[in-house]
Amino acid sequence: MHVPPLTALTAADPDVARLIEAESTRQHDKLRMIASENYVSNAVLEATGSVLTNKYSEGYSGKRYYEGQQFIDPIEELAIARAKSLFGVDHANVQPYSGSPANLAVYMAFAKPGDTILGLGLPHGGHLTHGWSVSATGAWFNAVRYSVRRTDGMIDFDEVRDLALAERPKIIWCGGTAIPRTIDYPKFAEIAREVGAVLAADIAHIAGLIAGGAHPSPVGYADVITTTTHKTLRGPRGAMILSTEEHAKAIDKAVFPGLQGGPHDHTTAAIAVALGEAAQPSFRDYAHAVVANAKALAAALVEQGFDLVTGGTDNHLILIDLTRRDVGGKPAARALDRAGIELNYNSVPYDTRKPFDPSGIRLGTAGITTRGLTPEHMPQVARWFADAVDAGVKEDDAALDRIAGEVRDLLDGFPMPGWTRV
Ligand SMILES: *Cc1c(COP(=O)(O)O)cnc(C)c1O
């Protein structure tokens with residue numbers, strides 16, 4: 001049953017209530033391994049579902065365009081203070097609606113349409129908003145893309161530097177959505193400084209690892225840092241932009257009135273709660289446990305004969321190349337989902353298949369670590385992976401359903417916030 005119980009909703013709108021109940025049970029019963037997902041705490045859920053959703057507060061604390069900000073101002077100030085303290089930055093804007101709008105604000109602050117920008121290509125692990133063709137950022141800017149090496153899947157810094165020197169981009173993006181390795185911020189900073197570009201570090205996936213000391217921080221290297229708040233950071237759907245004092249005004253103006261209207265105050269409050277949680281010693285343990293689980297799972301997957309892009313992982317994320325296993329990412333992901341293991345199909349670098357039917361699957365350990373799984377569980381998880389992919393190829397639905405039952409049995413011992421057995 002959903003926690004808190006959906007009493008009013010069940011009475012008012014049983015159709016929606018039933019679907020939310022079903023989704024909360026699904027989240028309980030599956031190994032949720034989509035690399036960008038997690039489970040938020042009951043405290044974050046309560047703040048997200050509060051009456052703050054009723055309020056409008058365009059502007060910033062002390063400079064709003066609407067009355068009645070007596071309690072909204074201190075909530076947003078609290079979120080900002082906690083963000084600054086957690087990441088050790090001069091300035092934080094907690095109003096972006098999500099990661100993509102936060103990145104758009106960086107363009108708004110530092111570039112004009114038609115300007116050149118440099119980012120990691122989407123098929124190599126970059127994000128749509130780092131200048132990919134179908135994104136507004138690719139359509140409105142002259143986007144140049146760097147790659148990872150064919151040989152080892154690692155970022156090719158010689159190429160980054162050559163492109164930066166030849167193209168003179170206004171903004172260089174580092175970070176991405178399918179990078180299993182540590183980002184070398186000092187190297188990016190050196191290149192950005194050499195060509196006079198703004199270095200934007202997008203830490204959407206790894207913000208929680210950075211906050212918990214399990215991944216190096218871009219602070220001191222990047223001019224501006226964007227992040228979602230809902231991935232490893234384990235907060236509500238939202239985003240933040242962090243910067244030095246030098247860029248504070250430009251960032252704030254770009255978010256409002258540049259791109260957005262009223263901030264989502266219920267989200268701001270939930271971000272404050274999540275940042276408070278991330279400042280606890282237990283969150284440091286969590287961040288390190290996420291990486292320990294990913295490393296243990298990577299080793300166990302290799303043992304099961306899977307090829308991993310870059311051969312392993314330094315963070316929460318693993319990218320499996322299924323080419324040698326002779327199965328596409330999409331049918332593999334579908335079989336795994338039926339077997340109770342939820343992830344997404346994904347392109348691998350230099351993929352010979354199409355983006356909608358690529359060669360890889362991407363997974364992460366943020367969610368299962370929140371559930372309490374440890375490295376001891378990872379050999380079993382890897383065996384389920386191998387069995388499910390093979391059963392998928394053989395269209396052995398009975399085997400997939402048997403695995404889903406075993407997954408459910410394991411997860412019964414690891415409660416999740418937001419759901420309880422009745
Ligand atoms: C998830 C992600 C985003 C976008 O976040 P949304 O909230 O989905 O808009 C941006 N950049 C990176 C690197 C991401 O992983």
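Cβ coordinates are placed from backbone N, Cα and C, and glycine is handled just like the others.
Those TrEMBL annotations? Automatic predictions, nothing curated.
The domain 'Serine hydroxymethyltransferase-like' annotation in TrEMBL covers 10-384.
Under the heading (6S)-5,6,7,8-tetrahydrofolate binding site, TrEMBL lists LEU122, GLY126, HIS127, LEU128, GLU245. Listed in sequence order, ASP90, HIS91 are the same-chain residues at least 6 apart in sequence whose CB falls under 8 Å from the CB of GLU245 ((6S)-5,6,7,8-tetrahydrofolate binding site).
There are 26 other CB atoms within 10 A of the CB of HIS230 (site 'Plays an important role in substrate specificity'), with all protein chains counted. Reduced to three states, the DSSP call for HIS230 (site 'Plays an important role in substrate specificity') is coil. Annotated site 'Plays an important role in substrate specificity' per TrEMBL: HIS230, in sequence order.
The N6-(pyridoxal phosphate)lysine feature in TrEMBL is assigned to LYS231. For LYS231 (N6-(pyridoxal phosphate)lysine), other Cβ atoms within 10 Å of its Cβ number 27.
A separation of roughly 21 Å, to the nearest angstrom, links the Cα atoms of LEU122 ((6S)-5,6,7,8-tetrahydrofolate binding site) and HIS230 (site 'Plays an important role in substrate specificity'). Of the residues the record lists as binding (6S)-5,6,7,8-tetrahydrofolate, namely LEU122, GLY126, HIS127, LEU128, GLU245, the two whose Cα atoms sit farthest apart are 31 Å from each other.
For GLY126 ((6S)-5,6,7,8-tetrahydrofolate binding site) paired with LYS231 (N6-(pyridoxal phosphate)lysine), the C-alpha to C-alpha distance reads 16 Å. Among the recorded positions listed (LEU122, HIS127, HIS230), HIS127 have a CB atom closer than 6 Å to some atom of ligand 1, in sequence order.
In this structure the C-alpha atoms belonging to HIS230 (site 'Plays an important role in substrate specificity') and HIS127 ((6S)-5,6,7,8-tetrahydrofolate binding site) are separated by 16 Å. Model confidence over the domain 'Serine hydroxymethyltransferase-like' (10-384) is summarised by a mean pLDDT of 98.
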